[in-house]
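I have placed the structure first, in the form of structure tokens, so that the comments after it can refer back to it.
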Amino acid sequence: MAEMIPAVPVNYEPITVPAGTAVGAAMREHELPNKGPEAVVVVRGADGTLYDLSHTPDTDAEFTPVAACEEDGRAVIRHSCGHVMAQAVQAEFPGTKLGIGPAIENGFYFDFQTAKPFTPEDLKAIEKRMKKIIKGGQRFERHVYASTEEAEAALANEPFKLELVQDKGNVDPDSDEAAEVGAGDLTHYDNVNPRTGEVEWFDLCRGPHVPTTKYIPAFTLTRSSAAYWRGDQTKAGLQRIYGTAFESKEALESYKTMVEEAEKRDHRRLGAELDLFSFPDEIGSGFPVFHPNGATVRMEMEEHSRRRHIADGYSFVSTPHLTKGDLFKKSGHLDFYADGMFPPMQLDGEWDADGYCTKQPQDYYAKPMNCPMHNLIFASRGRSYRELPLRLFEFGTVYRYEKSGVIHGLTRARGFTQDDSHIYCTPEQLEEELTKVLEFIISLLKDYGLDDFYLELSTKDPNKYVGSDEIWERSTAILQSVAEKSGLELVPDPAGAAFYGPKISVQARDAIGRTWQMSTVQLDFNLPERFELEYTASDGSKQRPIMIHRALFGSIERFFGVLLEHYAGAFPAWLAPHQVVGIPVADTFAPHLEKVCAELRSRGLRADVDTSDDRMQKKIRNHTTGKVPFMLLAGERDVEADAVSFRFLDGTQVNGVPVEAAVNVIEAWVRERNNEQPTKDSIAERV
């Protein structure tokens, strides 16, 4: 299986750097590597800020070395490689204007204003020039502009950079533009020729960067596309080049192999090949339609989840797709999330014969989230502490207006169904309930064949939160304790929480090592206040419940896409749309297989006989391509012995199995929800 070499924490010990000493010099004194995957490329300060190796502290300070093979190390290498690419582009295509160029997950991009789109031949020429720049060992040198005026003068020929300089202080710290300009000094990085000391190229940038271009040992440019300045379709059109870089050629090659495998597993491609779903233009972008094969898989996914939820004490509810706008005003969605909602429909207005409005219409919205309606269910009558925890669950379809450029098959759609739960509990119940929720999530995800997880803890953004510091600290400590007790790796996400509460995200790695965010467990201090939710405590007082948002799959559609890629289309037998197909050696043996399939259907299995005009070998190829886990063959000997022969997706067979034994084996395999594909060895030992 093709897996990318993951980022590996080296866990260097912090080093005290004396005032006035460059941190790079301190690293050399400690004889830390400057070559290879464990080479130190930047350092991390006590507050988490990354610094160049040229950074010189004003006072004695501790810094932790960051290796090239670590997540942050890779990001810095990619950011620096983006600068090299931009330098190469402007050298190859004089007059090109610079947009922004941040590191992103698994790579980087840079935007350019050019006379014409980039071609594949252009990318090859850019790569060739980049290799020359990297071989030259140019230094990355950080400089601070003395004033805004100095920056504007230096960037007079770069209109997009000038706009960023003029917007300084108004740039979203979470945006890609923040890599170029944000809080603090206005800085630029010069690419300096090590032999002559001349500045070969420079760019407005906050950094940090690797010391020299020789710290970029392996890179590739992957594609180009159209883009808009600052992602706004009303602004200038740009050309974007994507690339990636790694700490070693081996890591880059493993990434390329993974990408090739991922392309084969692309759920959009498999969805069409296996007749699972489609996206008709007549319906609109981002709205999938499930065909019989896909709907069967989806039904099995939902049914198993439904049974598990009932067994775990969840109460099923159902809410409408549309609601008055007042509800989302009350919940705060219209204040904080309006851009992600579809425009309102104005309904219930009345007009007289002359066209005068006698009753103002009301705004109705397609719901983007289920939580406000679940709160109305909680508030529909008085609640006692004896009813808590109350676990409401719904397969609730929601609608979110995603820009067309970010829609991606089933994994980023505009209409999708969440397996959405909202849990209301007392403060005393919170830790136990969170523990149960996390255990339930991991257990259920394992049922579907995912088994490699880690957790991410998103904590308070000090500039954007509701609720007291005390409740944030307590709830964050509880979440952290629950996460640590799970035994799973816990990765911090400082200041990554939504304004209304801390969150645990369950991240899952698939068969080729990619990470997918699966489930979220989100505490909410905001909505119980907005909806004035109350329960009667044991002493008769009215108290606010604590609310937990929990989406296990994220959405049915997205989880479907993840599983489809994880299994490369070969769903386990319990999920497969066609579990068994009978293939007669000749038409005369079809009635024998019809009886076998009828018995399987009577036991609740999906089984049919292929009676098409194709020859047997063609039928086997068709159903192997169609990923049918059990193919049953029958010829003269099988009929005489009241037997069948098994054929599996790997091409192996088990011949002459008595019908009763074959039916029992298949039924048991499916009932067990075995996530492995059946093979000669695994079935032979059962018959």
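One is the number of the first residue shown, and numbering goes on along the chain from there.
Yeah, the Cβs are placed from backbone N, Cα and C, and that goes for glycine too.
The domain 'TGS' annotation in Swiss-Prot covers 1-67 and rests on sequence analysis. Annotation comment: Swiss-Prot describes 266-572 as region 'Catalytic', evidence class sequence analysis. The Zn(2+) binding site annotation in Swiss-Prot covers Cys371, His422, His549.
Positions of the features from Swiss-Prot, shown on the structure.
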| residue | record | Cβ within 10 Å |
| --- | --- | --- |
| Cys371 | Zn(2+) binding site | 21 |
| His422 | Zn(2+) binding site | 26 |
| His549 | Zn(2+) binding site | 22 |
Discussion item. Using the CB centroid of Cys371, His422, His549 as the Zn(2+) site centre, which other residues of the same chain sit with their CB within 8 A?
Written reply: Met369, Asn370, His374, Asn375, Asp420, Ser421, Gln522, Asp524, Leu527, Met547, Ile548, Arg550
